[in-house]
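Undergrad: Feature table excerpt (Swiss-Prot):
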ACT_SITE  GLU254  active site
BINDING   GLU71  Mg(2+) binding site
MOD_RES   LYS40  N6-acetyllysine
MOD_RES   TYR282  3'-nitrotyrosine
MOD_RES   TYR432  phosphotyrosine
MOD_RES   TYR449  3'-nitrotyrosine
MOTIF     1-4  motif 'MREC motif'
SITE      TYR449  site 'Involved in polymerization'
Amino acid sequence: MRECISIHVGQAGVQIGNACWELYCLEHGIQPDGQMPSDKTIGGGDDSFNTFFSETGAGKHVPRAVFVDLEPTVIDEVRTGTYRQLFHPEQLITGKEDAANNYARGHYTIGKEIIDLVLDRIRKLADQCTGLQGFLVFHSFGGGTGSGFTSLLMERLSVDYGKKSKLEFSIYPAPQVSTAVVEPYNSILTTHTTLEHSDCAFMVDNEAIYDICRRNLDIERPTYTNLNRLISQIVSSITASLRFDGALNVDLTEFQTNLVPYPRIHFPLATYAPVISAEKAYHEQLTVAEITNACFEPANQMVKCDPRHGKYMACCLLYRGDVVPKDVNAAIATIKTKRTIQFVDWCPTGFKVGINYQPPTVVPGGDLAKVQRAVCMLSNTTAIAEAWARLDHKFDLMYAKRAFVHWYVGEGMEEGEFSEAREDMAALEKDYEEVGADSAEGDDEGEEY
């Protein structure tokens with residue numbers, strides 16, 4: 001088996017976790033108490049969904065997941081919510097006081113009190129796996145727990161499970177809306193610390209998702225539930241190939257192999273289509289060609305940046321539902337002729353395709369329409385550097401005046417860590433610039449890696 005353990009850190013991670021597990025349960029026909037009426041073989045480990053669920057002797061399916069937060073309120077909602085019976089109480093780990101939007105508290109002072117407990121629980125989950133494939137870590141960049149504790153956890157996971165892949169789903173601070181003033185600090189500190197420990201990080205920017213909800217789903221004032229349900233659809237598309245059998249199945253390690261040309265350049269851009277409300281879907285065809293084209297619209301991306309200004313290094317199209325390879329090939333051929341999509345010259349237009357016959361499931365009473373087919377595109381493009389540049393600029397404005405730095409130093413950090421992290425980010429921006437540059441200029445660029 002190729003099991004995956006999901007780790008949900010901090011408020012954002014936990015709430016996205018709720019949306020994801022709700023959707024997984026619907027997709028696999030698992031009831032909120034973990035029973036699965038359709039599954040007659042108790043203890044049979046041959047079904048694909050067992051990558052995400054373990055099965056007890058009593059036939060109860062338990063998510064291979066850990067929820068961690070340094071303060072209890074958010075996870076208490078899981079403990080009392082609809083899915084309270086789904087999780088083992090030991091999988092829901094809470095501290096007493098929160099990280100107060102402070103990376104240093106999450107990483108040093110408060111985080112270190114709880115890290116061993118968390119690793120112990122993860123170890124128990126890992127011991128139940130026959131062939132652990134890797135970890136999916138969900139967190140935000142802006143929060144104290146999401147940034148500080150996640151980076152601590154990633155460092156420790158690298159030590160304990162050296163070769164296992166670690167994929168992140170990170171909530172990137174939105175360009176316009178902000179939930180905390182110190183988001184740029186936390187984001188840059190966590191990116192710097194996690195850069196060498198993460199194999200692949202899918203970033204999601206709340207503002208981009210807000211816009212999609214407003215524009216495509218006609219929700220005037222999207223709530224976090226709306227956002228998280230949309231994010232969970234994307235996560236579900238990415239993980240569908242691990243949980244269902246399909247024609248062209250994609251494995252966790254396959255993502256990395258196909259999307260990450262250099263170890264540091266591991267931030268693919270996710271795009272999902274069709275995001276459409278039930279009223280509209282009723283009148284539309286949504287052919288393979290249409291949804292494939294929609295993936296190349298900046299409006300459907302999960303991070304605000306413009307790939308038309310950047311170059312693509314790799315592209316992965318994950319289809320699910322009623323899709324045949326013939327249609328996919330035709331759609332891709334059309335896109336290649338358009339020439340609006342520029343690939344770097346050292347990577348001929350490679351599209352990796354995954355097809356899964358399980359149609360997309362929607363949460364009843366949710367906003368998304370039930371459709372026959374959907375596609376999630378993961379593309380590694382140099383345009384994502386725009387997102388880093390934006391964040392770095394905000395960091396610089398605050399750090400020039402050393403604003404808020406004393407909160408971090410007071411928790412045992414040193415100012416040097418800030419400048420070190422910022423230099424690393426500058427190097428990352430430079431890496432993106434060099435990858436996008438034409439290789440004809442000089443062949444001596446390969447020495448860095």
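Including glycine, each Cβ sits where the backbone N, Cα and C put it.
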Undergrad: Between TYR282 (3'-nitrotyrosine) and GLU254 (active site), what is the CA-CA distance rounded to a whole number of Å?
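TA: Here the two Cα atoms lie 36 Å apart.
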Undergrad: Take the C-alpha atoms of GLU254 (active site) and TYR432 (phosphotyrosine) and report the distance between them in angstrom, rounded.
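TA: GLU254 (active site) to TYR432 (phosphotyrosine), Cα-Cα distance: 22 Å.
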Undergrad: Round to the nearest Å and give the CA-to-CA distance linking the residue listed as 'Mg(2+) binding site' with the residue listed as 'phosphotyrosine'.
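TA: That separation, Cα to Cα, works out to 37 Å.
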Undergrad: Same chain only, sequence gap of 6 or more: which residues have a CB within under 8 Å of the CB of the residue listed as 'phosphotyrosine'?
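TA: Set apart from the residue listed as 'phosphotyrosine' by at least 6 residues yet with Cβ under 8 Å, we have ILE265, THR382, ILE384, ALA385, TRP388.
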Undergrad: Could you tell me which of these recorded positions, GLU71, GLU254, has the fewest other Cβ atoms within 10 Å of its Cβ?
TA: GLU254
Undergrad: Count the Cβ atoms, other than its own, that fall within 10 Å of the Cβ of TYR282 (3'-nitrotyrosine), considering every protein chain shown.
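TA: If we count other Cβ atoms within 10 Å of TYR282 (3'-nitrotyrosine), we arrive at 9.
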Undergrad: For the motif 'MREC motif' (1-4), what's the mean pLDDT in this predicted model?
TA: 82
